[in-house]
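Asker: Following this message is one structure expressed as structure tokens.
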Amino acid sequence: MAGEPGSGGGAAPAGGASEPPNKALEQTHGLRDYYRVLAANRQFRYLWCAEMIDNIGSWLSYVATLELVEQFSGGSGLAISGVVIIRFLPSLLLAPVCGVVADRVNRVGVLVVAAVIDAAVVCGLAAVPLVQAGQVAVLYALLALQFSAAAFYEPARKALVPVLVPADQLHLATTIDSFAWSITGAVGASVGGVVASRLGVSACFLVDAVTYLVAAWFAYGIPRELGAPDAVAKQLKKFSSMRQVELTGALGHEEPAPAGSHRPHSRSSVDASTAENGSHHAGTLTHAEHRHHHSPERKPKAWEPAGLEPAADLPALQEQEGASTLSGRGSGGSNGAAAGAAGQRDGGGAALLAAATGALAEGVRALQDGWAYMRCRENRDVAALVLMKCAAALTWGAVDILNVKFSQMKSMQWAGDSSTTLGLIFATVGLGCFVGPVLLNHLFPPYPASLRWGVAASYCLFFAGFALMLIAPNISLVLASTFVRAMGSAVLWVYSTLLMQQRVPNDYLGRISALEGAAYTIAESASSVFGGAAFDVLRLSLHHLLLILTTMAGVMAVGWSLYAWVANRSKAGARAGYLPVRQSDEG
């Protein structure tokens, strides 16, 4: 959407940050609302179940993987950091290619194939303990294959969600996804620890293989026509035809208008009237107008996110139980969908390869564009938003290594052996990530000035967690410190994302997010390498490494608190109001 470099992002109405948040986003939602989304949208329910089961298995195998690499390497910190790096790098390196596949190939098919490949790979991981030599190298190779397949799974899954869920329920579906990660983290990690302890690490991998196959079965239950890249375009065409028939019939049987009145002739008036009359499309266009604030004369740019075009907000038939969901905001609009369909028709392997090569070049250009945008004087505040997650990632990468080291200490194993202890620690991470945003959302309303203080508070929780871990004499305090730190991490992730969505125009949001993702992955990988080298090269003790990380977290807490204070007092900070999609040229 509109907005040029240096425009300062979405402009606020008079009053800036002091304005109340968008009323639509002030609404609170209870568990019943989330249940209704799952109950009313059968195909999304299939997708969500596949994701839940997939995540539980992934946590099982992650616990088992860390146990294996610790055993094969003799406790090498660098070997453990290698697992953490392999977990993140494929999604970064393959991101452009995965995006092309998600836009050119049937997304349901991508989910099924990726899950089946993952199942085969983890079956291979179950056989790694039988390898006589080079176990770590074999383990790394199989992990690279596993996470490479997973890199294709996630973009296809995210692209499916807007097709399976009506536009007015999309924010609820996204929240359900975030809850799923936290819940499955708590369940999967704890179960993984118990399974690894009682049945061995190979059993964890075999259970994970079964979960992948079950996830593939759920994904296979989604109609393939909904996974087609041009699914949104087809449903828009079908909906337009149905609406034309309805309007023609309505106008043909309409009673004469009273004197002094007139019939609505504009498209918007007719649509509004249709919505008010309670048809099964009710509320669609009013929702689109409320959310986008489009100028009448303005045409969307060719490279604009198609999910934000007015046409893409028209759902087809909202799904009821027993009927396919054919509505929602498309991840690719009519232009993108048509290109995807053309890629399939003309395609084959050569077309996909050419598209993937072009996507790699486009990915590089996106990073360059994001950097150029931030270099503009008016947009330098965006650099702080990009750095919010990256700063914390400088410590996150070393945390998993600390978790493994704690689980190996006999004094920490009151609940069982190292596998059970490690699973318990990761389960606490999932629980903290779930509780953190739920608690702090009541303290920090969703507008910029408050969210900046929320980010500062998240870093304070981060620091408090490390400080408590530094003095923890037993596993109980380790778990308490892990819970506090995970609360801060989750709040930071949610609030920094929301701040970026509010500040950066949609024209540049994808490119800035790509830059943030690249920087975040590099920072976390560097932290992981440092954590491993601290033990293997620098010969630091666990206490010394924790002292370094605690000091870093304390400095970050002070720094981001000062940032919140300065930014909220500055004109630039007051300028960015709560306008996630509104653009500067519409203000």
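Just so you know, glycine gets a Cβ as well, placed from its N, Cα and C.
Unlike curated records, TrEMBL annotations are generated automatically.
What TrEMBL shows for this protein is this:
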REGION    1-23  region 'Disordered'
COMPBIAS  1-13  compositional bias 'Gly residues'
TRANSMEM  78-101  transmembrane segment
TRANSMEM  108-131  transmembrane segment
REGION    253-304  region 'Disordered'
COMPBIAS  267-277  compositional bias 'Polar residues'
REGION    320-343  region 'Disordered'
TRANSMEM  382-402  transmembrane segment
TRANSMEM  422-444  transmembrane segment
TRANSMEM  451-471  transmembrane segment
TRANSMEM  477-496  transmembrane segment
TRANSMEM  517-538  transmembrane segment
TRANSMEM  544-566  transmembrane segment
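Show me how these features fit into the structure around them.
Answerer: Long-range contacts of the transmembrane segment (78-101) within its own chain (CB-CB distance under 8 A, at least 6 residues past either end) are made by residues 62, 65-66, 69-70, 72, 110, 136, 140, 143-144, 147-148, 150-152, 154-156, 352, 355-356, 358-360, 362-363, 397, 400-401, 404, 514, 517-518, 521, 524-525, 528-529, 531-533, 535-537.
Beyond the ends of the transmembrane segment (108-131), by six or more residues, the same chain brings 50, 54, 57, 61, 64-65, 68, 101-102, 138-139, 142-143, 145-146, 149-150, 152-153, 156-157, 160, 201-203, 205-206, 208-210, 212-213, 215-216, 219-220, 222-224, 226-227 to within a C-beta distance below 8 angstroms of the stretch.
The list of residues near the transmembrane segment (382-402) in space but at least 6 beyond its ends in sequence, with Cβ under 8 angstroms from a Cβ of it, reads 9, 66, 77, 80-81, 83-84, 373-374, 455, 459, 462, 466, 469, 485, 489, 492-493, 496, 499-500, 503-504, 512, 515-516, 519-520, 523-532, 534-535, 542, 545-546, 549, 552-553, 556, 559-560, 563, 567.
Residues 178, 182, 385, 388-389, 392, 396, 399, 403, 406, 412, 424-425, 428-437, 439-440, 444, 451, 454-455, 457-462, 464-469, 471 of the same chain, all 6+ positions outside the transmembrane segment (477-496), place their C-beta atoms under 8 angstroms from a C-beta of that stretch.
Long-range contacts of the transmembrane segment (517-538) within the same chain: residues 76-82, 84-85, 88-89, 91-92, 95, 367, 386-387, 389-391, 393-402, 405, 544-545, 548, each at least 6 residues beyond the stretch ends and with a Cβ under 8 Å from a Cβ of the stretch.
Remote same-chain residues near the transmembrane segment (544-566) are listed as 384, 388, 391-392, 394-395, 398-399, 402, 452-453, 455-456, 459-460, 462-463, 465-467, 469-470, 531, 534-535, 573 (criterion: CB distance under 8 Å, separation of at least six residues from the stretch ends).
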Asker: Can you work out which residues elsewhere in the same chain, 6+ from the ends of the transmembrane segment (451-471), have a Cβ less than 8 Å from its Cβ atoms?
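Answerer: Contacts with the transmembrane segment (451-471): 388, 392, 395, 402, 436, 440, 443-444, 477-478, 480-489, 491-492, 495-496, 498-499, 502, 543, 546-547, 549-550, 553-554, 556-557, 560-561, 563-564, 567-568, 573.
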